[in-house]
């Protein structure tokens, strides 16, 4: 398990950076440390060692080796001080396409004023399943008896009333040896929306849904009722720091496998319907299934200080017709009041380094769960990282992409800087890749497509990412990717602008970086290609434990593919991994990559709406689950303490404009509050 990714600082600078000369930096930093995330490998490419905290000193390259002189004294970023890591479906929903089209035409990005949005969920109706269920009366009666059907303590009469309807809905399936089934349209009448497990006083939902806004998630479970007509009566409040245009609802079902028709029926239907085959497979392995979605349009650009009711007891029909929900949505603009650490409950430590801590926190007024990263100002100043720290905050505040971890708030105390980010708890892509060894073609394509959107959104803001690798990619609760760690980003890079800072991770360094030729945005397409190759084979294409040898391979070794490698993926990789940046796929814009045959079955508009069901869903029990984080950190007690580090007024002035609660810049002065050590 791995902890929240904490931004790493670059060792050394080039002439692009202000404040110190290269000689001064060389003297200050000496030989850097590279972070190696790959353990020793088996001959088949699968990981032998799952510990990715290996750190290797980079020796000075021998002048007799045939490598560029620019590599003789590499000025690299330092990872040593941070001990923590932080099947596309066939649904062609016209509603998804239409909403995505509307979203894609608005290029100005989200408005940035703060407020609170309250969502009240009352009930649901007309929920159905995509398959029939057994009509076995013993199984159905036992399941209903364990359910919470009404507000009364005794549901026996309700169970009896439901069971009396069974003959009316039972049918005989002539295609499966005369098995008695209940049609998919009526099956939910006989399934409770939640049940009480034996020996437990807590209910377990068989139907539930999530509400997602700006990567903040709330899970809504029913209080009572059948799956056909669940009763929720729940309220959830969201912090609004960006006025996004949609609120996303996803409905899930947790179907006991005993309810499924016979194995013969499942085999027969699976041969006819691949989608249903995958659904049945998930149920048989005790996985929740995704039933339906809805993108609720929002108009939060309201010039009013009063609370506005956006929807009043409004029935929404889910996009694929599997049910309806009754909701009310209110929005209240709020005054731009700067936050402090006292506005949060500290729940868990999820990361730690010499700079401070990363903690799971709960915002007291909305009860929303976030990741709070605390950066010690004295450490940042001592490492000459003020510019890059401010750049990271700027990128996070400006970016508008569903596949990038968004900044919710930032504030400061006299001793610290704080970033409050969406809490993404599905684990690092690195961990999942180590566990699997390699990914399937469909799974690799899905992740690369979402990453392509993330990088494109950064490039449109004239930002180069420069550090794409599995450790910097998180999975959310559904399995969508979330790019994080923007400590090596370079801002204000137009299409043809070049920079020459030597930074990154060895396995992913592009040839133009090694050659010291300067590089443009196309360096990100090289790293995207390296990552795709690693996903599909288990190792980067030029990997070697000996760093100088690996550099030689990056510059000289032909790109090799295993037998049976997908032809479209091979062609894409040849384009992305062109050593000549001027001929690299993507040099003329992201559409060059999007239009490649490798992505021919992907609707990019649907993808941006998170309209595809991810090929893998991480094991996440709830929005506060920290099981995918390193227990070395989560077992620590979160402590709010004072840091005694005095900084002069001139140094404090460097952190002016750090505060963010919905506006790009709201405050220049550090608040007088407690800080986290």
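Glycine is treated like the rest: Cβ placed from N, Cα and C.
Checking the candidates 105, 150, 501 against Swiss-Prot, the annotation phosphothreonine falls on 501. Checking 499, 634 against Swiss-Prot, you find phosphothreonine recorded for 499.
Feature annotation from Swiss-Prot across 236, 293, 650 places phosphoserine at 650. Among the candidates 128, 138, 659, the residue that Swiss-Prot annotates as phosphothreonine is 659.
From 63, 226, 590, 626, the position flagged in Swiss-Prot as phosphothreonine is 63. With helix defined as DSSP H, G or I and strand as E or B, the domain 'AGC-kinase C-terminal' (600-670) counts 14 helix, 2 strand, 55 coil. For the modified residues shown (499, 501, 650, 659), fewest C-beta neighbours within 10 angstroms: 650. Within the set of recorded positions 352, 358, 499, the entry lying nearest in space to residue 659 (phosphothreonine) is 358 (CA atoms). Across the fold, the C-alpha of residue 650 (phosphoserine) and the C-alpha of residue 352 (ATP binding site) stand 28 Å from each other. Secondary structure at residue 501 (phosphothreonine), taken from DSSP and collapsed to helix, strand or coil, is coil.
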